[in-house]
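Quick look at what Swiss-Prot annotates:
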- 31, 226, 251, 255: Zn(2+) binding site (BINDING)
- 286: ATP binding site (BINDING)
- 33-43: motif ''HIGH' region' (MOTIF)
- 283-287: motif ''KMSKS' region' (MOTIF)
């Protein structure tokens, strides 16, 4: 490929040149949501981060198989091996079938992703649809001697595995650290070691979601699904596994252990993780109860929101920070993103107003601008630098439209292509349909306000002001009609 992409590999803690295992094919697996509630801003970040990666790899000419799973079973409360299944709990509280809960929130998740202009993955497998594959994975680990059965459940033997391999190589932990921070929960007596994690859990009598297995009627542990489904759709070795930084431990650490225990080596070449979105320095999350749903952002209905924010404002807000940086929510930051996005969209609209000249003014170098955008993307998806370059492009467009600079037809064509490529195709931004409607609504409010001022002027027999307002609006193309109830107006198009 022409462009050399480097990405930060969490496993090796450094940026590495991206070299696919089977070019031009790329296999990418990203951990999707556990669907027991509405998607929030924290869900938007990995979706947008890996959407940009998907878009860019595709642009570079790779044939990407992008797998993003749906967790609809096995994810217990507090990410532990005890407690109630998150989806089953929601179903019990709402007196629904678990799959009703899954389908309802999955539909809403898809709707939110569509609003954010997140492309659909190539495959979106459900954990509940791959129970057989997870049972087969558990059996392989048992056969290899790295798991044991206990009272109908099957646990991964972390201590035994750690003698042969390194448990903790992704997160940088050692087993003693893990043991010191492992909580003493109910049911730990089934385990040989508190750090052991469930591969299969025997279902209690009241547990709704259960499947038969060689060990018990039960359900798979949370970590099993991604290893099993990644292997099924991407093979025993694939290029990229992504997710939020909060998944490094225990989820992705356990995935590596399962992979190595069942096949002798790690399935994944590059581990990529986006950082968190925080509120007042604390991670935003459903389990913490401090989240704002995407619908609440779009509608402005949450008490912490000063206003509603469009999906593209949210997307732009996320892309203005590097994906490995923490982003702290604030209305001020979102409002700044809103203004910045509007500047870019207006600049793109301004491209169509430019009349090309014979030559391009000195100091305008479109090819360099395009090269710098590529350079930023190739440097571990540095979208903030891409945006900075596009703002420089916006400055150039505004200067040309103001008559302070000129641009040749060839350079204008390149500039248009650069903006459309990086703004729309790669970063996935778009001009929202509602934006022009919103502007028209705002204009309408201004006209109403002026005509109300005119009514006051007429009531005060200030005919000069009344006529001035009417004549000004008429000159701007508005037709004003006085009625017994006040006034009517329309814009003559």
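Glycine too: its Cβ is placed from the backbone N, Cα and C atoms.
All features noted in Swiss-Prot, drawn onto the structure.
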| residue | record | DSSP (3 states) |
| --- | --- | --- |
| 31 | Zn(2+) binding site | coil |
| 226 | Zn(2+) binding site | helix |
| 251 | Zn(2+) binding site | helix |
Chain-mates of 31, 226, 251, 255 with C-beta within 8 Å of site centroid, Zn(2+): 223, 225, 227, 241, 243, 247, 252, 254
Cβ-Cβ neighbours of residue 251 (Zn(2+) binding site) (radius 10 Å): 18
31, 226, 255 as binding-site residues, winner by CB count within 10 A: 226
For the motif ''KMSKS' region' (283-287), mean pLDDT (0 to 100): 72
